[in-house]
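Below: the structure, in structure tokens.
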Amino acid sequence: MELGPEPPHRRRLFFACSPTPAPQPTGKMLFGASAAGGLSPVTNLTVTMDQLEGLGSDCEKMEVRNNSSLQRMGSSESTDSGFCLDSPGPLDSKENLEISLTRINSLPQKLLGCSPALKRSHSDSLDHDTFHLIDQDENKENEAFEFKKPIRPASRHIYEESKDPFTHRQNSAPARMLSSNESESGNFSPLFIPQSPVKATLSDEDDGFIDLLDGENMKNDEETPSCMASLWTAPLVMRRPANLADRCGLFDSPSPCGSSTRAVLKRADRSHEEPPRGTKRRKSVPSPVKAKADVPEPAQLPSQSLSLMSSPKGTIENILDSDPRDLIGDFSKGYLFNTVSGKHQDLKYISPEIMASVLNGKFAGLIKEFVIIDCRYPYEYEGGHIKGAVNLHMEEEVEDFLLKNPIVPTDGKRVIVVFHCEFSSERGPRMCRYVRERDRLGNEYPKLHYPELYVLKGGYKEFFLKCQSHCEPPSYRPMHHEDFKEDLKKFRTKSRTWAGEKSKREMYSRLKKL
């Protein structure tokens, strides 16, 4: 058997599927050489080991050549099997750092055999190294592999268009070299998986799911309406108009929500120069810019108010619409005097100046009777009092004086009663409340004999200091005078006894009603 010329640089492993010459008998070659050379069979087998062919399969041809004179390449070392891994070299370790790790057994075998990447010519496959060193972490062929569930892979349509249409995904498992349907006819061609010169990209880690998910995404995108798509893709807008007066009113009808040109349902700002015609502004939400225009002219307001004031019915309606605290007891009219704030909020107070003006006859045309009730004790009243005042310090005395024979107003004039004591703090206000209470009981609501009651603020002491000319005698005697201690004690006891008897009388009257 003659051996062909051996290459000077490296040895290679070929898988040739073309018709091969008939193999010579192995036994003849071994023993024939022994007879010729005079060597034993074991020695002859050792010498002629590299001259054997057809050992094991008809489609295999192994050529072993020695190239000790040249430096061996990184992928030149191989085992006799042909399907094992190469020994690691300096070039292989450098290439393994540059190429990304890929998954093993990610596609079915039939699809891998039919892939156009496996149908390259023999000349192209010789330009690239086939086998590489696989680390212990990469050697996962014998382990159970489970795909990770893709969350949402990015679509590959963008970068696939820029690639060569004949470029396909790399497959890094050398054990996947399987024949296609052409292997059944007997015409075999060398199958090698070349290394792509292009560096690893995102597609190297593709497991085949991206193509299926891309199709589903395209289908879902076609079914999604444009309005919904605009909600996902439109940017978030957050604006506030500089002028709040330009914003539309609360009850203005919004624009149709079906408009695809507007991402946010908002009415466009109006210009103040050209207001739109045919629009009607709600009166409940006036614009602050045109607030002055909506207010009627002052000349137009009295026309309606005067018509109401001209009739008694209109006057009563206007009075009833006002605050009840500003009306007298029967709600027929307002108070005649200007009142001031005092200790008791439920009572109306007048100042000493108003009292002096009444005494001077300033309101004589409006007042029929002006009654002043001095609620101090008799020794205080004798020491100095207001001209025309009546001293009534007992409640029963006030009731007999005012309610037994009530004063009836005539000609539309008023009957006014003013109460006071030394400071108008306790005795005067208490007497005023008592008269109003008894007057309510004796009349049908809201009618009253004395609807207009007042309390002099500051009492006699303040009035004496400001209006001494209206005091008679022009002097002031306090309640706690040292010369009238016994009188003070006597009147207090009498007032308390009467107050106790009053409470008993009220209790008896309630029991009778039961």
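Cβ coordinates are placed from backbone N, Cα and C, and glycine is handled just like the others.
Other Cβ atoms within 10 Å of the Cβ of C421 (active site), summed over all protein chains shown, number 25. The annotation active site is assigned in Swiss-Prot to C421.
Look at Swiss-Prot and you will find 266-277 tagged as compositional bias 'Basic and acidic residues'.
Here the domain 'Rhodanese' (366-472) returns a mean pLDDT of 95 for the predicted model. Residues annotated as domain 'Rhodanese' in Swiss-Prot: 366-472.
According to Swiss-Prot, the phosphoserine annotation covers S75 (among others).
Annotation comment: Swiss-Prot describes S78 (among others) as phosphoserine.
Here Swiss-Prot flags S81 (among others) as phosphoserine, drawing on similarity to another entry.
What Swiss-Prot lists as phosphoserine is S87 (among others), and the listing cites similarity to another entry.
Annotation comment: Swiss-Prot describes S106 (among others) as phosphoserine, evidence class similarity to another entry.
The phosphoserine annotation in Swiss-Prot covers S123 (among others) and rests on similarity to another entry.
Marked as phosphoserine by Swiss-Prot: S172 (among others).
The annotation phosphoserine is assigned in Swiss-Prot to S271 (among others) on the grounds of similarity to another entry.
Marked as phosphoserine by Swiss-Prot: S284 (among others).
Annotation source Swiss-Prot lists phosphoserine at S311 (among others), citing similarity to another entry.
Annotation comment: Swiss-Prot describes T497 as phosphothreonine.
Residues or ranges marked as phosphoserine in Swiss-Prot (evidence: similarity to another entry): S509 (among others).
The feature region 'Disordered' is assigned by Swiss-Prot to 256-308.
Under DSSP, the residues of the domain 'Rhodanese' (366-472) split into helix, strand and coil as follows: 40 helix, 26 strand, 41 coil.
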